[in-house]
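Participant: Let me begin by handing over the structure; questions about it come next.
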Amino acid sequence: MDKKFYITTLGCPKNIADSMSMHHSLLEEGFTPASLPEESDFHFINTCTFIQSATEETIQTILSAAQVKKQNHQKLVVVGCFAERYPDNIHSEIPEVDLFFGTGKYSQAGKILREKFPELSPSQLEFNDSLLERWKLSSKIENYSKPYAYVKVSDGCNRGCSFCIIPSFRGKFAESPLDDILRDTNRAIRAGAKEICLVSQDTVYYGRDSEILLDMVRKVAEIDSLEILRLLYLYPDKKTEKLIRLMGETSKIAPYLESPLQHVSSKILKVMNRTGESSYFKDLFSLAREVKPGLEIRTSFIIGYPGEEPEDVDQILRFIEDTRPEKVNLFSYSPQEGTKGAQLKQTVSEKEKSKRINLIRDSHLEILEEIHESRIGRTYDAIVDGIEDGQAVVRRFQDAPEMDEVVYVDDVSLLPGRIGKVRIDSFYEYDMNGTWV
């Protein structure tokens, strides 16, 4: 009897890539994917603990899965950042968890499972060669019916931002060999992906030299059957400038800049142990729009960091008004144990953080409404992601999968992965309605 697994993925696209590394490992060891958690013999939860709300979601997901386990007599496996950060807590407080391991072992998941449960090895597993060979063509994609894939170029981070806990459990920056990146990209494309998103904690740190970074991106873009290449997590510095210029020279690279600024106040950036300042960020955004016509920008800000004053929030408001980024993500600062930020006096109340976030969000929504108005009647290059509630879910090249806007089109004949043009007809607060043309 073959043993089935299911992977629940929490957190960011980097976790999706890690989950698919596990997926591939489990297939190689003879396990079969299940369609639903309750149908699996082994339910993996790939966890997130980047901020407090992510930790709370992880705990709730584990506890809910523990209830399913009791009803279905399955094994519960907790992996990733939460398991790396809180192994003692899992061991002592969540006895329903049968196995847990941290980051860095995703590609060994199948072997770890067989070692933990020796009764599975090897006679209890049915090695379905045709299934295995088909899935060996796959890469790190969360759902193989989707026309996009995430490929990790590195893990860990050397930046040392004072608010970030990630280096404590992901470790120092460690890049993937170029051959591995190309292999994973080709596997994903053969599995049906039209779009590849390169992800990491710090993409521009790759190679520690801008020419090595640019060479890696060029070689991925040169893969013949790749339609769209999207670059994610670009730290705002000089190497990002060079990447932006490469975007302008390379048609396959999506017209999209994701660069998380986290703040624009020089005072707060210094306390965060981050480089840059408002005028440099403005120049960076202007350069991107200049060299890549039609490009749209996604950035993020952490609100309520220790020492933040109303005038620092005003700087963010002015920056957004001046640069008009199309996509803005706002995080309420939550001190993470083990970071330098947690050692600072917490000067902003939760109520005040919410007030400031709402102020910034409302201001950006006014700008976004004007941006939406300018999109009406315009036609964009787009890709079909799937069908949902009787409509095609279409995504402009200016929007990243799973985190940006989509366009709903009344045409269920559109197949996932189809690339063409969509005209924008109307909009909601974020998403849009359109016509495939």
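Cβ atoms are placed via backbone N, Cα and C, with glycine included.
Note that this is a predicted model, so its numbers are computed, not measured.
Straight out of Swiss-Prot:
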type    : residues               : note
DOMAIN  : 3-118                  : domain 'MTTase N-terminal'
BINDING : Cys12, Cys48, Cys81    : [4Fe-4S] cluster 1 binding site
DOMAIN  : 143-370                : domain 'Radical SAM core'
BINDING : Cys157, Cys161, Cys164 : [4Fe-4S] cluster 2 binding site
DOMAIN  : 373-437                : domain 'TRAM'
Participant: How many neighbouring Cβ atoms, not counting its own, are there within 10 Å of the Cβ of Cys48 ([4Fe-4S] cluster 1 binding site)?
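Facilitator: Taking every protein chain into account, the count is 20.
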Participant: Tell me the Cα distance separating Cys161 ([4Fe-4S] cluster 2 binding site) from Cys12 ([4Fe-4S] cluster 1 binding site), rounded to the nearest angstrom.
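Facilitator: With the alpha carbons as reference points, the distance is 18 Å.
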Participant: In this structure, which of the binding-site residues Cys12, Cys164 has the fewest other Cβ atoms within 10 Å of its Cβ?
Facilitator: Cys12
Participant: Taking only the binding-site residues Cys157, Cys161, Cys164, which one has a CA atom nearest to the CA atom of Cys48 ([4Fe-4S] cluster 1 binding site)?
Facilitator: Cys164
Participant: Given the binding-site residues Cys81, Cys161, which one's Cβ is surrounded by the fewest other Cβ atoms within 10 Å?
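Facilitator: If we count Cβ atoms within 10 Å for the binding-site residues Cys81, Cys161, the smallest count is at Cys161.
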Participant: Which residues, sitting 6 or more apart from Cys157 ([4Fe-4S] cluster 2 binding site) on the same chain, put a CB under 8 Å from its CB?
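Facilitator: Residues satisfying the criterion: Cys164, Ile166, Pro167, Arg170, Lys172, Phe173, Gln201, Asp202, Tyr205.
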Participant: Need the DSSP three-state call for Cys81 ([4Fe-4S] cluster 1 binding site) to compare against my parser.
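Facilitator: The residue in question, Cys81 ([4Fe-4S] cluster 1 binding site), is helix (DSSP, three-state).
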Participant: May I have the list of same-chain residues other than Cys157, Cys161, Cys164 whose Cβ is within 8 Å of the Cβ centroid of the recorded [4Fe-4S] cluster 2 site, in sequence order?
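Facilitator: Neighbours within 8 Å of the Cβ centroid, excluding Cys157, Cys161, Cys164: Arg159, Gly160, Phe163, Ile166, Pro167, Gln201.
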Participant: Taking the recorded [4Fe-4S] cluster 1 site as Cys12, Cys48, Cys81, identify the other residues of that chain whose CB atom sits within 8 Å of the mean position of the site's CB atoms, giving them in sequence order.
Facilitator: Leu10, Gly11, Lys14, Asn15, Thr47, Thr49, Phe50, Ala54, Gly80
Participant: Which three-state DSSP class does Cys48 ([4Fe-4S] cluster 1 binding site) fall into?
Facilitator: coil
Participant: Go ahead and report the DSSP secondary structure tallies for the domain 'MTTase N-terminal' (3-118): helix first, then strand, then coil.
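Facilitator: Secondary-structure breakdown of the domain 'MTTase N-terminal' (3-118): 64 helix, 23 strand, 29 coil.
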Participant: Rounded to a whole number, how many Å is the Cα of Cys81 ([4Fe-4S] cluster 1 binding site) away from the Cα of Cys161 ([4Fe-4S] cluster 2 binding site)?
Facilitator: 18
